[in-house]
Amino acid sequence: MRRCCQGVGLPCLFKGVGMAGARPPRFLLVFDFDETIVDENSDDSVVRGRALPEPLRQSPRDGSYNEHMRRVLAFLGEQGVRPAELRAVYENIPLTPGMAELFQLLSKHQELFELVLISDANTFGIEAKLRAAGARSLFRKVFSNPAGFDRRGVLTLGPYHSHKCLQCPPNMCKRKILAEYLAERAREDVEFQRVFYVGDGANDFCPAGTLTAADVAFPRKGYPMHRLIQESQEKQPGAFQAAVVPWESAAEVARYLQELLRRKC
């Protein structure tokens, strides 16, 4: 259970706020990174304009994309691409339209929104961009493939974990990560009234499928997550339980959350 107000009027969200020892209910807001927080795929940004050997020019149709990027990053390091250069690439990836506005809203309501980021990119690039954008402190946790520089200055990349999900790439199942995080927070006596999921990719459809009717999925309009939700709704109406709010600008997500706060629900 992570619903605190079932069967109670909506104003109960703020019941007890300001009272000694009271803690307001929290919303969990889950973000993807590539083409969600930033407006392009960060892996594409790293290789743009660089000459790669033929085996590394195309993403693998079979096998692990994570393993493919490990080889790409190793090649770049061997060609003399230094840590500072890679950091600058990640820092300069543009935010998606409206994302700065959404971050500003969330920074004003950190007592209500708990933020986590779940991405199949890498920890180095994500941390670099969030810090450059002044948004790192908003996120309680960042879940991504581990990355760091070895003694040669080569950015090494690993898989996040292993899993048994048939829908997801072998190195990461976001559904598993989200489920484990909710269970961890529940053990810490933190139960969220609602979960909001902001994403774009096919690998965001898997975790979004676990959301309940009280939750909201925010798929980027026209991207794989949005198309998969639409296909699911057509094939099996009601199977995808969460409310669906497509967006083109993250300002639309901000407006939805502002209205939520205005209505206190």
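Cβ atoms are placed via backbone N, Cα and C, with glycine included.
What TrEMBL records for this protein:
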- Asp32: active site, nucleophile (ACT_SITE)
- Asp32, Asp34, Asp200: Mg(2+) binding site (BINDING)
- Asp34: active site, proton donor (ACT_SITE)
- Asp43, Asp120: substrate binding site (BINDING)
Asp43 (substrate binding site) and Asp200 (Mg(2+) binding site), compared by Cα position, are separated in whole Å by 16
Can you give me the Cα-Cα distance between Asp34 (Mg(2+) binding site) and Asp120 (substrate binding site) in Å, rounded to a whole number?
8
For the recorded Mg(2+) site, enumerate neighbouring residues of the same chain (Cβ within 8 Å of the Cβ centroid of Asp32, Asp34, Asp200, site residues themselves excluded), in sequence order.
Phe33, Glu35, Thr36, Ile37, Ser119, Gly199, Gly201, Asp204, Arg220, Tyr223
In whole Å, how far does the CA atom of the residue listed as 'active site, nucleophile' lie from that of Asp200 (Mg(2+) binding site)?
7
I'm trying to understand the geometry here, so how far is the Cα atom of Asp120 (substrate binding site) from the Cα atom of Asp200 (Mg(2+) binding site), in Å to the nearest whole number?
12
By a 10 Å Cβ neighbour count, the lowest-scoring of the recorded positions Asp32, Asp34 is Asp34
